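Enquirer: I have a structure here, written as structure tokens, and I will follow up with some questions on it.
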Amino acid sequence: FLTKLNSTSIKENRVICWRAVASMAWSVLLLLPTTALFVLLSRFSLFHPILWISECLSLLTSASAIFSFILLCGVVLMVGFFNLEYYTVVPSIACSKIALLGQVLHPRQFVHSLVHCIMGVVVAWCCAFTIGGRYRSLGHPCTQDESSGPEMCLNEYHLVLLLVGAFIGYSHSLVGVVYNMNYVSFHTMQQYKYLRFKGALPLVVKASAVQALYCLRTFLLLYFFMGYAPRAWICKTLDLNINSSIHSLDSVSSLLDLSLLYHLWISGTFLLLTWYITVLLFRIFVTEVYSFPVQSTFTEDAHQCLPKVITGTQPMILKFLALQDLALLSQHSPSRRLEVFSLSQPGGHPHIWTALSKECLSLLSDLTERLVAHHDTVATNGRAKSQSTGVCKSCKNTPLTPSIPPVTSVGMEDMKTPRPGALIRTPGSVFLRSSVGAGLRTPLTIPFTPDLDSPFSSPALRRLTGPLEPQGALSPGFSSIQSPHVMRRGPKLWSASTGEGQPRGHTRLVLPMDYFLTHCFVSLQLPEASSQALFADSQVHIWALQGLSHLVAASFSEDQYGIVQTTLPTILSTLLLLQEAVDRHFKLPHTSSKPGHCSCSMGDDSYKTLRFALRSTLKTSVYRITATFGGHLQ
């Protein structure tokens, strides 16, 4: 066990840690031209270009600039360490606003935000020293009274720049939680690292400038109303005075200083640019294609082979890289495909194909069961369990009211053996339309209503969403039914009553507390979040589909022993079951049928389109297999 654990840690260090170290090294190397560009832009002088260039060159070669650069290198290395510590290949999707708030207030996230605030202050101090002038130091000598000697007063320009760095650092950490900045996605098209970095660099610069502008706008509003608090605290802590001869910066005229706004914005852009470049390089290096050996000659290297990595309990990133390698070898490597179709010696068993196909089918079956369970949950919460209880007993068997079979849950057995007599529950009733039989309307229900048979369900909620009672038991909130063949309606929110002490025709509001709480709960749900969470790890399923379908199609001419044909029925049935589950999922309410537009920020939202990519890949895989084998499938 210790040997296996040690080998796993060695593989993780080779594949992940060394790539992270390489990305940090490149981030430090790129910090030098980025810093030089910031120095040029921060000290820009249109009317004195020669003096501007000479001052920048002297500053870049000074000992203080080297010390600032060392601090910036330490910050970049710390950002790279947090990237390695917090990255994930499966995004954490909050299905409600309460869950998102819980992620923001998590202690682990609190540490992340605190450290980024401190790093923002360090970068802002380096920027203040680089800009120089009125931003150089926190205190400056001043004379408050002619009778007293010189005193140390607070330099509010330096303080504002430090506070902007802390605020942007916290905003960066907060945006990382909301928009899944720690999510690492794999690109569909393979490119060299240099080309990927070159193509993404304009987006990084644009995202840094835009986010710095938005953060600066928010910070100025906060400082305008609450700027006195940090100013007074700093003065009291460091025993500094406030120069009364200079206007404070928490005023409209002071905050509209164009030079101040420019230096704050360029400093924030420099801070975010260095951090975003580190994030971008980490994503590029970690997701680089890694080729695993299909089989090994020596036994001690067997744990590094593709079947062992895919089927073993490896770190998730290694499993992703292994499945990516499987999808690529099934398309572009005939020699490695022959190794997959080979038999073991001695014994003549297809161990490699068995291990790969079993793991891929297991992943696809798990996704199918997950989709079916989600569909049953939504369908159960979307309508009442029995739909025939709303018809009066005396007219249940009349020609105008056909009998309705009970609604049963749809599981894996129902998908394998469809029964036309049973009704499949769908949450269509939440959109005020549901018909059974010959035009018979079912009672309307509230979306995501709780189980009516639960002991925690109140009588008010049962009256609101449960089976309706006979006419004689109707409360004043229910409308009377004249015909026995017409379904009784639910309770009215507004009803007319003429009780004692009320004028005739008085209208009262019938709003149960359960109704209010249910709608409050629904309003806190994020749209399509549950559907996105179901397909959050669908990248592995896409690669499993591609690998299986391409290997099966290639086996038609390359499989000399016919080992793939033994599992072909299982593969086809698994794909068709998943196809049916995916089609049913896209028919659910609150599930979009078209992919949305991706934003241009650094937050990777490609996980939002994984379900559409999976649906397309699934249809293509089924077509590829059937088109290859054709009539042989009989």
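Here, residue 1 is simply the first one shown, and the rest follow in order.
The backbone N, Cα and C atoms fix where each Cβ goes, and this holds for glycine too.
TrEMBL labels come from automatic prediction, so no person has curated them.
The model shown is predicted, which means the values in this text are computed figures rather than measured ones.
Copied straight from TrEMBL:
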TRANSMEM  20-44  transmembrane segment
TRANSMEM  56-80  transmembrane segment
TRANSMEM  117-137  transmembrane segment
TRANSMEM  157-179  transmembrane segment
TRANSMEM  200-226  transmembrane segment
TRANSMEM  262-286  transmembrane segment
Enquirer: Please determine whether the transmembrane segment (117-137) and the transmembrane segment (200-226) are in contact (criterion: at least three Cβ-Cβ distances under 8 Å, sequence separation 6 or more).
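Expert: Between the transmembrane segment (200-226) and the transmembrane segment (117-137), which are separate recorded stretches, there is no contact, as judged by 3 or more close Cβ pairs.
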Enquirer: Taking the transmembrane segment (157-179) as the first stretch and the transmembrane segment (200-226) as the second, find out whether 3 or more Cβ pairs fall under 8 Å, excluding pairs closer than 6 in sequence.
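Expert: Checked: the transmembrane segment (157-179) vs the transmembrane segment (200-226), in contact.
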Enquirer: Same chain, outside the transmembrane segment (262-286) by at least 6, Cβ under 8 Å from its Cβ: which residues?
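Expert: Sequence-distant neighbours of the transmembrane segment (262-286): 16, 19-20, 22-24, 26-27, 30-31, 34-35, 38, 41-42, 72, 75-76, 79-80, 83-84, 87, 120, 123-124, 127-128, 131, 135, 160-161, 164-165, 168-169, 172, 181, 184-185, 193, 196-197, 200-201, 204-205, 207-209, 211-213, 215-216, 317, 602, 604.
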Enquirer: Can you name the far-off residues of the same chain, 6+ from the ends of the transmembrane segment (20-44), with a Cβ under 8 Å from a Cβ of it?
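Expert: That would be 52, 55-56, 59-60, 69, 72-73, 76-77, 79-81, 83-84, 127, 130-132, 263, 266-267, 270, 273-274, 277-278, 281-282, 284-286.
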